[in-house]
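Report on the structure given below.
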Amino acid sequence: MNLALRDIRHNLGRFLLTCLGLGLLLGVALAMVGIYGGVVEEALSLARGLRADLWVVEGGSRGPFAEASRIPGDVREAVARLPGVTAAGSLTFQTVEARHAGGPGSGEIPSEELVRERAGEAGRQRSGAVLRLQVIGYEPDRPGGPPGILEGRGIGRGRLEMVLDRGAGAPLGAMVEMANIRYRVVGISTRAVSTGGDPLAWITLRDSQDLQFRLNPPAARRAQQGGGGALPQDTVNAVIARLSPHADPASVAAEIRRWKHFAALTAAEQEQVLTRSVVDRARKQLGLFTTVLLLVSAVIVALIIYTLTMDKMREIATLKLIGAPDSTIVALVMQQAMLLGAVSFAGGAALLLAVKDHFPRRVVLGPEEIAGFGLLVFVICLFASLLGVRYALRVEPAQALGG
Amino acid sequence: MSALVALQGIAKGFGAGEARVQALSDITLSVAAGEVVGLRGPSGSGKSTLLNLVACILEPDEGILRLAGETVWQGRWAKADLRALRRRTIGFIFQFHNLLPFLDATDNVALAMTLNDVPLPEARDRARALLDYLQIGRRAGAMPAKLSGGEAQRVAIARALANRPHIILADEPTAALDSERAQVVMDLLRRVAREQAAAVLVVTHDDKIFGRFDRLVSLRDGRIEGEMRPG
């Protein structure tokens, strides 16, 4: 006869309500684990999505994600000529607050005049939903483009076209306005976000250089009057290279490091920079928050089990008096703690899995994470129940006698 | 008749030094098989201490306690041994029945048997038979909260009889019952004592049932003040 189950069945409403509260708490803690995984995955998704074996950046920097990096665009050709390099592409990265100005657009390839016209149009009509995007400028047909196109097509040779991450929410054909210029969404990419969780947008390298480096006319005039020249137009943030399967990334990187003013990182080094440096604080904060939540959960489970045990003081005393061994009493307390943990965990996990796609940041939860967290909850419940067990074992059978 | 409960020169005190309270002194008492003995006395007279001693919850400071032929506390008695002795030998009836609220009447009785390693299906069959014997079989599936005071006390008696104990200890079994139901409970205890040859020791304040004991022992200040045979 399982006394724990029978007691729970007798007080089912109270038990389920307790499970609901604890389940929500465990769900939040599990969400933290998922967000933690999401932060790491998002941090790596951009670098991995670009499938670069080598990153060439400004000398002395660990850019372009960890630090600012600006190098001349013609470095790409020098990198492409290195032995072992099969392809190289110049890239710019810029975080932009854009506006989804609605759509769909017309479908024509815009001329320089149209570019200016669209710029003027956008300047006149600033409206629409705000999008925070990480804009990548790349050269079509060279490394650095979107990892996959779900809808539409990649960027052609035309100007003011954009491939946008599906997470941005703008439909195919929509117009997205950045720095007073409107771009037409010609393709929707598979899920790809920046290290900060912003959706990615790809535009041509030339468009992105304009966006990033070209001064607006009044600022350019002021710069000229002040004697300073404008930044060279062919500036990029990084050059990525793909290597042949037989090439050793470390050797090629060492070769580039011998060049003046340039640094090179292998894919592994870039990932290390991303996880150890770029998202390190977020990781630590999430880890700390998860730990605190688990400690709170442990205290709550301990208090619940202790209170449940105290409520049964007379029953426990009676059981002892009629000769129940300690193992029966311990099983009663521990099984209830385990059931409380199991039902709460299952409820919390189910709820989280149902809503995780609606989180603003990616929640990555695989079977391993869920099983690991379940094991942790089991251990927490086991230890948390010890307080109740201690109380139960101290109950004297004499407490069953008398009024 | 052989004595199933035998106390000889029992003494028990609590505390030390000036704060020491002598709860029981030189208690010699026996209850034979089939006998129903009442234990009465004012508050603080030592009734509860005596009951706890016979229930093997307290260890006497002096004297010999024999239960169903076994001399308790002499030699090594671990907690588990005492519980096993209680399980096998003693049935308990409480003032407020102390049924487990999450088990129905049948399972409250069957639980006591399963603690003695009786398989659950057999324990349930025997529990139902016991409830029929105590004329409460129709309420076998009821939860304690749905039972009246008298019904709950009968189920508690059934639980006390579950392992066919030699000794039944009852702590104010009729205190929460009206006069009529108190007489019914006493009738049951007398019947059980007679039919199962059990020694029944009842602690009571209830003067309505004084006349239903074979012997009534009075305690005062931890000593036996007197004994009478109401019959």
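The backbone N, Cα and C atoms fix where each Cβ goes, glycine too.
Taken from TrEMBL, the feature domain 'MacB-like periplasmic core' covers A:16-258.
The region 'Disordered' annotation in TrEMBL covers A:99-122.
Annotation source TrEMBL lists compositional bias 'Basic and acidic residues' at A:113-122.
With a threshold of 8 Å between CB atoms, the same-chain residues lying at least 6 positions outside the transmembrane segment (A:286-308) that come near it are 18, 21-22, 25-26, 28-29, 32-33, 35-36, 39, 333, 336-337, 340-341, 376-377, 380-381, 383-388, 391. Per TrEMBL, transmembrane segment is recorded for A:286-308 (among others).
Look at TrEMBL and you will find A:288-397 tagged as domain 'ABC3 transporter permease C-terminal'.
Among the features that TrEMBL reports, transmembrane segment is placed at A:329-355 (among others). Below 8 angstroms of C-beta separation, residues 2-5, 7-8, 15-16, 18-20, 22-31, 34, 301, 304-305, 308-309, 312, 316, 319-320, 363, 365, 370, 373-374, 377-378, 380-382, 384-385, 388-389, 392-393 of the same chain, each at least six residues beyond the ends of the transmembrane segment (A:329-355), sit close to that stretch.
Annotation source TrEMBL lists transmembrane segment at A:370-393 (among others).
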Report, as numbers and ranges, every residue of the chain located at least six residues beyond the transmembrane segment (A:370-393) whose Cβ falls under 8 Å of a Cβ in that stretch; write 'none' if there are none.
26, 29-30, 33, 294, 297-299, 301-302, 305-306, 308-310, 312, 316, 326, 329-330, 332-334, 336-338, 340-342, 344-345, 349
Three-state composition of the domain 'ABC3 transporter permease C-terminal' (A:288-397), taking helix and strand from DSSP:
95 helix, 0 strand, 15 coil
